[in-house]
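Engineer: Pulled these features from TrEMBL for this protein:
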type	residues	note
BINDING	A:Cys12, A:Cys113, A:Cys161	[4Fe-4S] cluster 1 binding site
BINDING	A:Cys203, A:Cys224, A:Cys231	[4Fe-4S] cluster 2 binding site
BINDING	A:Cys240, A:Cys258, A:Cys261	[3Fe-4S] cluster binding site
DOMAIN	A:12-174	domain 'NADH:ubiquinone oxidoreductase-like 20kDa subunit'
DOMAIN	A:198-268	domain 'Cytochrome-c3 hydrogenase C-terminal'
Amino acid sequence: MANLLWLQGGACSGNTMSFLNAEEPSACDLVTDFGINVLWHPSLGMELGENLRKMLHALVSGAMPLDIFVFEGSVVNAPNGTGEWNRFAGRPMKDWVSDLAKVAGYTVAIGDCATWGGIPATAPNPSESEGLQFLKRKHGGFLGPTYKSKAGLPVINVPGCPAHPDWITQIVVAVATGRGGDLTLDEFQRPKTFFTSFTQTGCTRNMHFAYKVSATEYGQRKGCLFYDLGCRGPMTHSPCNRILWNRQSSKTRAGMPCMGCTEPEFPFFDLMPGTVFKTQTMMGVPKDMPLGVDKAGYIKLTAAAKAASPAWAEEDIFVV
Amino acid sequence: MASDKEVVLKAIADMLENGLKTEVEPFPETDKEFGDILLQLRRLDPKDLKGKLVVGGFVNHPYGPDNQRCLECMYYLVHRRWCDLPELAVPVEPEWWCRLWRI
């Protein structure tokens, strides 16, 4: 039986909603099939008031083992580093995070806010938010760059806005069943099993990407969303088109651009007017190329691809 | 008998061949500048072919040091010989160019 505690800092509860929608395995499966004891969760926790505080103190003191500490939302430090803007169970949440992370077997950050600071940490960052071990791309965050949980791993980052339900429950199951040591993490401490391939991997519009045919409006049943509508699929690490949302679709499949929400810089361009859902270009060439592609090669590829494109690439092919 | 598309294509070709002066410069270097041109186009009557050519900055030959052409542009549909940018939506030749060129 592994004890799991889920706390929430500066958050919208989106990752909690995602978690509760998990199917493989589901939140209930965690308890019934994998022996996870959910000590407390913002939407599921039974304890209130003094009982909750006692439990938290028991965890901090070591009287009760904390096997998995899950944190959702940013660590709020405002005002002036006190954390008083986000109090929980009688003290600033950041103090609980600091104490609980020291005794946790594994510490798991769920969603962009807990991993990199997310939207709350976007400039001017009035809540002085940061992620558990990163602030955007900068390693360190609230717990510092050298932090390791008792199992010897740094914070396991499961980003996304929100994270996919199955990414959450599958990682939780892995660490709860003693397979945490098998996890390999990338440079941003994301499990490689999910975050090595790109959002574009498995995208149904890859043919249109190859032949350089652009979608020009949302929901269009032809065309690639990268060229004009700001899709970040070619440079975003996520399995959104391998592990489908609601088991049947993804943003790009539905005709909406990927916003790159699993990357530390999200939201990109600090949400300046006209930058969202619009490919940023310089002299007509995208500022952000697909990862590993240079400008000269991209222009040559475009000319060749357009010249070779078949007629069907110009038609609506996703007809129901 | 020529299709409507061919008639329009010939009309455009004739206007460019006869020296229609279009706003080739300035090239929109930023997305805001690009968006401003789109706004100008949206204010036009969709049937105002000459207005589209002028605001779009059309020329009937490749343009710039890289010899940019409609052929490489993301909005160009090769088989239909068509510019699919909603604000333009006109037939074009692959060797032409306009300042809304993007790849």
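Including glycine, each Cβ sits where the backbone N, Cα and C put it.
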Engineer: When you put A:Cys161 ([4Fe-4S] cluster 1 binding site) at the centre and draw a 10 Å sphere around its Cα, which of the binding-site residues A:Cys224, A:Cys231, A:Cys240, A:Cys258 have their Cα inside it?
Structural biologist: none
Engineer: Any idea what the model's mean pLDDT is for the domain 'NADH:ubiquinone oxidoreductase-like 20kDa subunit' (A:12-174)?
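Structural biologist: Here the predicted model's pLDDT, averaged over the domain 'NADH:ubiquinone oxidoreductase-like 20kDa subunit' (A:12-174), is 96.
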Engineer: Among A:Cys12, A:Cys113, A:Cys203, these being the binding-site residues, pick the one whose CA is nearest to that of A:Cys258 ([3Fe-4S] cluster binding site).
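Structural biologist: Closest recorded candidate to A:Cys258 ([3Fe-4S] cluster binding site) by Cα: A:Cys203.
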Engineer: Of all the binding-site residues given, A:Cys161, A:Cys240, which residue's CB has the most CB neighbours within 10 A?
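Structural biologist: Per the Cβ count within 10 Å, the most buried is A:Cys240.
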Engineer: For A:Cys224 ([4Fe-4S] cluster 2 binding site), identify the closest of the binding-site residues A:Cys12, A:Cys113, A:Cys240, A:Cys261, judging by Cα separation.
Structural biologist: A:Cys240
Engineer: To the nearest whole angstrom, state the Cα distance for the pair A:Cys240 ([3Fe-4S] cluster binding site) and A:Cys113 ([4Fe-4S] cluster 1 binding site).
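Structural biologist: Taking the Cα atoms only, A:Cys240 ([3Fe-4S] cluster binding site) lies 19 Å from A:Cys113 ([4Fe-4S] cluster 1 binding site).
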Engineer: Compared by Cα position, which of the binding-site residues A:Cys203, A:Cys231, A:Cys261 is the closest one to A:Cys12 ([4Fe-4S] cluster 1 binding site)?
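Structural biologist: That would be A:Cys261, nearest by Cα distance.
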Engineer: Given a 10 Å Cβ-Cβ cut-off, pick out the one of the binding-site residues A:Cys12, A:Cys113 that has the most other Cβ atoms nearby.
Structural biologist: A:Cys113
Engineer: Near A:Cys203 ([4Fe-4S] cluster 2 binding site), which residues of its chain come within a Cβ-Cβ distance under 8 Å, counting only those 6 or more away in sequence?
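Structural biologist: Spatial neighbours, sequence-distant, of A:Cys203 ([4Fe-4S] cluster 2 binding site): A:Phe209, A:Gly233, A:Asn241, A:Ser250, A:Thr252, A:Arg253.
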Engineer: Only counting partners 6 or more residues apart, tell me which same-chain residues put their Cβ under 8 Å from the Cβ of A:Cys261 ([3Fe-4S] cluster binding site).
Structural biologist: A:Asp112, A:Pro159, A:Gly160, A:Cys161, A:Thr236, A:Ser238, A:Pro267
Engineer: Tell me the Cβ contacts of A:Cys231 ([4Fe-4S] cluster 2 binding site) under 8 Å, same chain only and six or more apart in sequence, or just say none.
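Structural biologist: Same-chain residues close to A:Cys231 ([4Fe-4S] cluster 2 binding site) (Cβ under 8 Å, separated by 6 or more) are A:Cys224, A:Leu225, A:Thr252, A:Pro257, A:Cys258, A:Thr279.
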